[in-house]
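A.B. asks: Submitted below is the structure of interest, expressed as structure tokens.
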Amino acid sequence: MTLGSPRRGLLMLLMALVTQGDPVKPSRGPLVTCTCESPHCRGPTCRGAWCTVVLVREEGRHPQEHRGCGNLHRELCRGRPTEFVNHYCCDSHLCNHNVSLVLEATQSPSEQPGTDGQLALILGPVLALLALVALGVLGLWHVRRRQEKQRGLHSELGESSLILKASEQGDSMLGDLLDSDCTTGSGSGLPFLVQRTVARQVALVECVGKGRYGEVWRGLWHGESVAVKIFSSRDEQSWFRETEIYNTVLLRHDNILGFIASDMTSRNSSTQLWLITHYHEHGSLYDFLQRQTLEPHLALRLTVSAACGLAHLHVEIFGTQGKPAIAHRDFKSRNVLVKSNLQCCIADLGLAVMHSQGSDYLDIGNNPRVGTKRYMAPEVLDEQIRTDCFESYKWTDIWAFGLVLWEIARRTIVNGIVEDYRPPFYDVVPNDPSFEDMKKVVCVDQQTPTIPNRLAADPVLSGLAQMMRECWYPNPSARLTALRIKKTLQKISNSPEKPKVIQ
């Protein structure tokens with residue numbers, strides 16, 4: 001996306017909201033029926049508080065027009081059109097059906113009106129005075145920056161200056177900023193001032209997910225898609241914890257969700273907590289498995305990459321580019337994302353626990369939220385877990401990893417047979433099981449998910465089935481480690497008689 005002259009500064013995008021389907025919590029007033037034309041529509045029409053039309057042009061693409069219903073943040077309807085985004089809101093039946101929008105044209109230098117000599121004579125002294133004032137302000141700014149450098153802020157201001165300069169020149173920024181994203185720890189989050197700059201340039205495009213703890217939106221930053229997780233006010237501790245971990249721990253890894261920025265913003269007189277990360281259009285592994293059946297080689301690709309991510313979290317890396325050991329504490333298929341290359345990456349570190357052998361300090365954080373009951377290990381359900389022992393938290397991750405393996409195996413085709421997607425323990429607990437429901441099944445009855453007999457007919461899935469059993473040992477210390485799971489899966493993928501995992 002070309003931003004034009006450096007004098008134009010940073011482009012600030014405003015977008016209207018387009019929701020999918022019928023609203024859950026509409027605004028006040030009667031609902032209207034609207035034409036719905038977007039990738040997330042459930043039908044040709046939807047019902048909402050008002051109708052919307054959004055015209056957006058992303059980098060390297062033709063403008064695309066989306067129609068749908070609006071329910072939240074009506075104030076965004078008053079945004080002015082730009083050369084990249086235009087939107088329209090209305091309140092009557094199917095009022096957005098025949099509406100067509102155009103983007104604001106960029107005025108070329110040849111179209112700009114000239115100034116005559118008399119105007120130049122008048123403006124000359126004024127511009128000279130403004131230049132002197134600007135020089136004075138620049139001098140004061142240099143003095144201020146020198147003072148801030150002494151307080152340890154020089155590096156952050158330098159990074160912020162670089163991002164502003166690059167934005168003015170129209171460079172592709174996201175790849176440049178995150179160029180250090182590699183398979184080993186190579187840097188924590190961006191400097192705080194850069195994060196705030198990035199966060200305030202993001203325009204929300206569409207809501208792609210909702211949960212008890214907030215919403216996930218696809219946003220645009222300089223024409224590139226990013227994911228914006230907006231935390232609800234009651235889950236502030238999860239936002240704070242995840243921000244803290246990303247900004248203090250060297251977590252760059254192919255199989256850990258890439259962090260971009262975190263910021264506390266004000267929208268419509270209310271505070272919003274944003275976490276901005278890489279965007280993966282396939283969504284979570286939970287969503288992917290519901291709509292996609294797997295060949296054995298793809299199932300192995302997903303499991304190997306998920307194991308690599310978990311092993312990277314669990315291991316402590318020493319040295320200047322090191323990291324403490326981290327236990328996830330809420331590992332599940334909804335918190336694993338599927339990338340465009342069909343590898344997995346682990347997300348949601350809001351409950352993570354950190355431990356460093358050097359200081360022997362266990363950093364549990366201060367979050368009242370608990371993990372997902374369906375994926376809780378037996379020692380958590382019967383409250384026998386040693387909360388002062390870091391290994392205990394890693395063992396609970398392994399139990400949950402075995403359940404995710406089971407979800408993948410059910411959706412893998414063997415001899416033309418495959419089961420529908422089901423969550424773990426679907427046949428013995430309700431859709432939203434209580435703590436007592438899970439405790440009875442897992443601790444009292446000592447049940448584990450039933451492994452289909454057909455898995456024994458495939459060399460890959462038979463290995464996965466055995467691995468599941470070793471992840472579900474009642475004795476936590478007897479379970480496999482994440483590193484052993486990773487190496488075993490890699491050995492299966494590299495075995496000549498097994499299907500190869502395509503790299």
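Along the chain as shown, residues are numbered 1 onward.
Backbone N, Cα and C atoms are what each Cβ position is placed from, and that goes for glycine too.
These numbers come from a predicted model, not from an experiment.
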A.B. asks: Which residue of Lys229, Lys323 does Swiss-Prot report at the same ATP site as Val208, Gly209, Lys210, Gly211, Arg212, Tyr213, Gly214, Glu215, Val216?
C.D. replies: Lys229
A.B. asks: Quickly, which of Asn98, Asn268 does Swiss-Prot have down as N-linked glycosylation site? Just give the residue.
C.D. replies: Asn98
A.B. asks: From the list Cys69, Cys77, Cys89, which cysteine is recorded by Swiss-Prot as disulfide-linked to Cys46?
C.D. replies: Cys69
A.B. asks: What range among 73-76, 333-336, 433-436, 485-488 does Swiss-Prot describe as region 'Mediates specificity for BMP ligand'?
C.D. replies: 73-76
A.B. asks: Which candidate, Cys77, Cys95, does Swiss-Prot give as the disulfide partner of Cys89?
C.D. replies: Cys77
A.B. asks: Given the disulfide-bonded residues Cys34, Cys41, Cys77, Cys89, Cys90, find the one whose Cα is closest in space to the Cα of Cys69 (disulfide bond).
C.D. replies: Cys34
A.B. asks: Which one of the disulfide-bonded residues (Cys36, Cys51, Cys77, Cys90) has its C-beta surrounded by the most other C-beta atoms within 10 angstroms?
C.D. replies: Cys51
A.B. asks: If you average the pLDDT over the domain 'GS' (172-201), what number do you get?
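C.D. replies: For the domain 'GS' (172-201), the model's average pLDDT rounds to 56.
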A.B. asks: Between Cys90 (disulfide bond) and Cys46 (disulfide bond), how far is it from one CA atom to the other, in Å?
C.D. replies: 14
A.B. asks: Per residue, counting other C-beta atoms within 10 angstroms of the C-beta, which of the disulfide-bonded residues Cys69, Cys95 reaches the highest number?
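C.D. replies: Comparing the disulfide-bonded residues Cys69, Cys95, the most crowded Cβ belongs to Cys69.
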A.B. asks: Quiz question: given the disulfide-bonded residues Cys41, Cys46, Cys89, which has the greatest number of C-beta atoms lying within 10 angstroms of its own C-beta?
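C.D. replies: Top count of Cβ atoms within 10 Å goes to Cys46.
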A.B. asks: Using DSSP and three states only, what is Cys77 (disulfide bond)?
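C.D. replies: The residue in question, Cys77 (disulfide bond), is helix (DSSP, three-state).
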A.B. asks: Take the C-alpha atoms of Cys95 (disulfide bond) and Cys34 (disulfide bond) and report the distance between them in angstrom, rounded.
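C.D. replies: Cα-Cα distance, Cys95 (disulfide bond) to Cys34 (disulfide bond): 7 Å.
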